[in-house]
Every structure is written in C-alpha cells, then in structure tokens.
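Chemist: Would you mind keeping the following structure in view while I ask a few things?
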Amino acid sequence: HRCLRALKLGWKLCWAQAVSEQEQSRLAFLSHDISLLRLLETFLENAPQLTLLLYVVLRTNKAEPSQGVGLCTAALCVTWALLDYHQSLRSFLQDKYELSLCSSFVYFLWNLFLICPRILAVALFALLWPYGIVIHFPLVWLAMFLWVNMQGTDFMESPGPEQFYRAMVAVILYFSWFNVAKGRTLTRSIIYHGFILGDSVLLAASWLWCRSPSDEHLYLIPVVFAALPCYLLGLVLRLVYYKWLHPNLRAQRAGASDEGDA
C-alpha cells in the first residue's frame, strides 16, 4: 500500500509543471517510511533466514551452488538494507548532508564485516546446541530491549507503540548496530560492540571447546579464527568512516554529533 502511494505521488510529480516543497517533502517521507519498513522486514525475516540457511549448510556439511549464492545474496541484502535506510534518512532530513559514494562504500563494508561474523557465531552455536538459541536469543533480545529503553526513544506518539518499536529495534541490535538517540555515539558504540563481541566470542568458543574431536567440521576452525580479525576490521572501517568520511564533517570538522537512526 505504501509503495503504491509513493509510486502514485512520484508519477504525479514527474508530470507536474511545478512541484511544491510540501509535495517533495511528502514523497521523501513516504520513501523513508518504506525504507524503515524494509529494514524491519530484513532483520525480522532475512537475517534469521540467513542464519538458518548457514546452519543447514553446516549441519549437512554440503552446499549446493544455489545455497552458496543464497548465502552471499542474503548477506549483501541485509547490509544493503542498512545502507539504503541510512541514505534515505539523510535524504529525508533537510538539514543533513547526504552520503557520498566513498562514504556509502565504507558504510556498507563495515556493516558487512560486522554482521557476517555475528551470524557465523550464532550458526555455530546452533550447530552445537540447536535448542540453545531458543534461550540465547530471548536473553540477548531482552538485554537490547532494556538498552533501548535506557536511551529513552520518542519515535511514536503513545507509550504502547513506542514499546513495540523498541522491541523491533532490539531485534536489529541482536545482529547489528542501530543508533536510536541523538548525540555522540562513542560511549554507546563501545558498550554495544564490546557486548556483542564478547557474546559472539563466547558462542564461537563454546563450539570450539565442546565439539567432538572427530568432528567433520575441522575446516571451520580457520574460518572461526578469521572471524575475529574480520570483526575488528569492521570496527576499524567504522572508525575511518566517523573520523574522515562522515557527512557531518563537511559542516563541522570536529565534535559533530551523530543523528539517531530513528
């Protein structure tokens, strides 16, 4: 329904002799609204499906070409949804600079390098204890939900929908960083990535420690050890983005605060 409304308005504006600023703002709002819904869909559906597909491949210890393509495509789509939403947000907010091509590329890469090790760690833990995820996910989700509540979001107009929104954001935070409050993000980023990195290391270490010596997944050991440098590379790229490529730096070279992703 929202997509049809946006297409209808966009078609109308394409053929209009003069386009008012109000109509342009309305189209930007509809586009941003669709982008937000797509992001929620990605982390409620695509990210869990990617984890499940990786688990199935590891459990059967074989991968069809279509499964390999599916894994790569799903990982790219999850990361692309984050970039698309961030670009849409900056297009919607009139007082914000938009991402450059270089900024977009680095933003995409650091999210990819952070999300892939996280999904690998969860899939390995599921490989060892399939029903353990039923306990792990609610516990981490609850921690993230409390984390969002502590930041006092005000996205909705009433308390009920606001709690529902925070619950959805907590699902995103299970897999990836999502900023829900304005201001400098350094302290919050350190806390979040420290928690997720520690949790992912524990999940991967559990698999390494408890797997059978005759396990046929020996080829995964170098992959697991490569996941940590991959995650750290993602953090380095994120530092590069905020230090030199963040759009706010065009207006203020130092001390610029980050806008909330909401």
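These residue numbers are counts, starting from 1, taken along the chain as shown.
Heads up, the Cβ atoms here are built off N, Cα and C, so glycines get one too.
Marked as transmembrane segment by TrEMBL: 68-85, 97-115, 122-144, 164-181, 190-209, 221-241.
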Chemist: Under 8 Å for C-beta pairs, could you tell me which stretch among 97-115, 122-144, 164-181, 190-209 has the largest tally with the transmembrane segment (68-85)?
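Modeler: Selected stretch: 97-115, with the most Cβ pairs under 8 Å.
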Chemist: Output the single range from 122-144, 164-181, 190-209 maximising the number of Cβ pairs under 8 Å to the transmembrane segment (97-115).
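Modeler: Between the candidates 122-144, 164-181, 190-209, the best contact partner of the transmembrane segment (97-115) is 164-181.
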